[in-house]
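Undergrad: Below you'll find the structure I mean.
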Amino acid sequence: MKNIVLIGPSGAGKTSIGKYISNILKIEHIDTDDLVKKQFNMSIEKIFYNYGEDCFRMEEANIVKKIADRDNLVISTGGGVVINKDNIRYLRKNGILFLLTGNIDTLTQNLMSSREQRPLIGCNNIYGNIHDKIKNIFLQRKDLYINSADYFINIDNRTIEEIGEEIIWIYEKY
Ligand SMILES: Nc1ncnc2c1ncn2[C@@H]1O[C@H](COP(=O)(O)OP(=O)(O)O)[C@@H](O)[C@H]1O
Ligand SMILES: O=C(O)C1=C[C@@H](OP(=O)(O)O)[C@@H](O)[C@H](O)C1
Ligand SMILES: [Mg+2]
């Protein structure tokens, strides 16, 4: 079977929903951020701080290229994977790309508890700042997300289970 590839902005639930789908379908889950962390043996925020975003993107691209050759995986990508066209080209080879998308308010609400781990969103900001950052990043990448997606999955006012089941339903019909 093809890979289930989850793309979309930070906070959309790619990591959580990938884990859910993997548990239900009993197929392996790979989160590209986890593999980057493993490669550097440090957190994403430390990689950004110590080596810069370009270095993170290079390793992210190496990892995407490697895993995209496999099949029967659920792949949770990082929110910036769409920046590099080659990443999308590789992920498409064996994968169906599901874009998790919703209101900026939903993303903001999801990220409030885990924003420290996301260097582009930042920490020690008041709610409004985070909201604006999420919005600006989303607007910059909106077209890339839309052009990369095979399916659009709405995340607003829905549980991880509901979203995961919709993706599984599409995948099983595929
Ligand atoms: N549909 C949802 N309903 C409630 N909380 C969610 C939902 N999706 C994600 N979350 C929560 O939002 C946070 C970010 O989710 P995560 O899976 O890390 O997103 P991503 O990998 O897309 O950045 C986590 O704390 C997660 O539990
Ligand atoms: O949007 C981005 O550029 C990023 C999103 C993060 O992943 P999530 O989308 O899982 O938060 C992580 O890859 C890194 O902090 C960069
Ligand atoms: Mg994630």
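Cβ atoms here come from the backbone N, Cα and C positions, even for glycine.
Heads up, TrEMBL stuff is auto-annotated, nobody curated it.
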Undergrad: Check TrEMBL for me: it has Gly11, Ala12, Gly13, Lys14, Thr15, Ser16, Arg158 binding ATP, so pick out which one of Arg118, Arg141 it puts in that same site.
TA: Arg118
Undergrad: Of Gly18, Gly79, which does TrEMBL put in the substrate site with Asp33, Arg57, Arg141?
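TA: Answer, per TrEMBL (substrate site with Asp33, Arg57, Arg141), from Gly18, Gly79: Gly79.
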Undergrad: Distance between Gly13 (ATP binding site) and Gly79 (substrate binding site) at the Cα atoms, whole Å?
TA: 10
Undergrad: Could you state the CA-to-CA distance between Ser16 (ATP binding site) and Asp33 (substrate binding site) to the nearest Å?
TA: 13
Undergrad: So of all those binding-site residues, Asp33, Gly79, Arg141, which one's Cα sits nearest to Gly11 (ATP binding site)?
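TA: Result: the closest of the binding-site residues to Gly11 (ATP binding site) is Gly79.
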Undergrad: Taking the Cα of Asp33 (substrate binding site) as the centre, which of the binding-site residues listed as Ala12, Thr15, Arg118, Arg158 lie within 10 Å of it?
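TA: Near Asp33 (substrate binding site) by Cα: Thr15.
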Undergrad: List every residue in the same chain as Arg118 (ATP binding site), at least 6 positions away in sequence, whose Cβ is under 8 Å from its Cβ.
TA: Ser10, Ile44, Glu45, Leu111
